[in-house]
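Step one of this worksheet: look at the structure below.
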Amino acid sequence: MQSFSWRLWPGLALILLPSTLAVDKESSLLQDWNDVWLFRFFLNVLGYATIIIPGYFLVTYLKRINYLETGRGICYPVIKACVFGSESKTGLLDDASLAPRNDVDSGSSARQAFKLVFCAAGLQASYLTWGVLQERVMTRSYGASTPEEEGERFKDSQFLVFMNRILALTVSGLWCVLFKQPRHGAPMYKYSFASLSNVLSSWCQYEALKYISFPTQVLAKASKVIPVMLMGKIVSHKSYEYWEYLTAALISLGVGMFLLTSATDKHPSTVTTFSGVVILGGYIVFDSFTSNWQDNLFKHKMSSVQMMFGVNLFSCLFTMGSLLEQGAFFDSLAFMMRHSEFAFHTMLLSVCSACGQLFIFYTIAQFGAAIFTIIMTLRQAIAILLSCFLYGHAVTKVGGFGMAVVFLALFMRVYARSRMKAGRKAPQPQVQKV
């Protein structure tokens, strides 16, 4: 009997070995595919589609049966708000969002100066911290006790997007409860369009840092005015002022000087790859759609915080659904459990993102878009310097001059646009009768 057992075990091993090898090979192949950013992108989109497609058919069905007239029951108010909304629209933003702008002139100079310093400090602190943490999370490893150890890197950009959105949803929801808001008029499902593009643009923003340096990403964001102008010229047949062409050319020149002269041998993250350029292009496209769709939604009666709540609500729904379908949600939580430093960085990243959005709304309401643009342009310049100092990005003299050209062009745009608006608002001289 014992000799029979010894003969049996090799046979069983030969039978089970191919299946074990096949499982290992399949797992290795899947891991290789997960390292391809395009595969992860389509996997995320597929997860969003499992929510969007059923939602589309449900909205279409409710509109076809004229549920607004025939519907009854306890679910009627919820379905009405989500699918039909209110028909009231305004040509401008609601009175609640416009009111703070009228208080600017009535306040004292000292009070307005304090508000400006408060807004600038809040924006700088929120987004500079957010930028530093973003680069830390996406380009550095966790758990290495010595410099020789590799540690473990976090790879799922979608989980970071979800963490940002869930906290922003909580903050905006509390704000809507604590402070009076205008009566909401837009159908809730319309937020899903801006939410989808916002999630994809945020994913591209995180993912791009795996392939390009943070200074390159910041300059690429600053230069997105160029494709916007090109699309406006080709699609909408828009005409632009001479200074817009001049500043766009200067931005192109500055970005080109930086990209072509930055050293690539000092730090691996300074290598600009084709994948990084493509991902940044996706960020610019999705981000442009988000802002345009939100402008269209503001035709309905709503405040900026209500917009923030609606967009983040669908963003949480999309990202949570996709993470659960991929099994990545619990893997990311396990990573947080293994590395408490990563958990702290993720929470602080989300807090900075949510607070930054509130500072954006408050600054624009108090001082307008021009002052806000100047503050954020300064933030971009400081963020590049901070990233180079903390993470050792090598920038040549020509590359530094290129960055200076880009930011000079951005300030020129702000100045020229403000002068042009002031000229339009200036009263016409009265003709005296003789």
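Positions of Cβ are set from backbone N, Cα and C atoms, glycine also.
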Per TrEMBL record, range annotated transmembrane segment [choices 215-232, 269-286]: 269-286
Listed range which TrEMBL flags as transmembrane segment, given the options 115-138, 307-330: 307-330
Distant-in-sequence neighbours of the transmembrane segment (369-392), which means Cβ under 8 A and at least six residues beyond its ends: 116, 119-120, 123-124, 127-128, 131-132, 135, 139, 213-215, 218-219, 221-222, 266-267, 269, 360, 363, 403, 407, 410-411, 414, 417-418
Highest-contact recorded stretch vs the transmembrane segment (242-263), from 38-62, 342-362, 398-416, CB pairs under 8 Å: 398-416
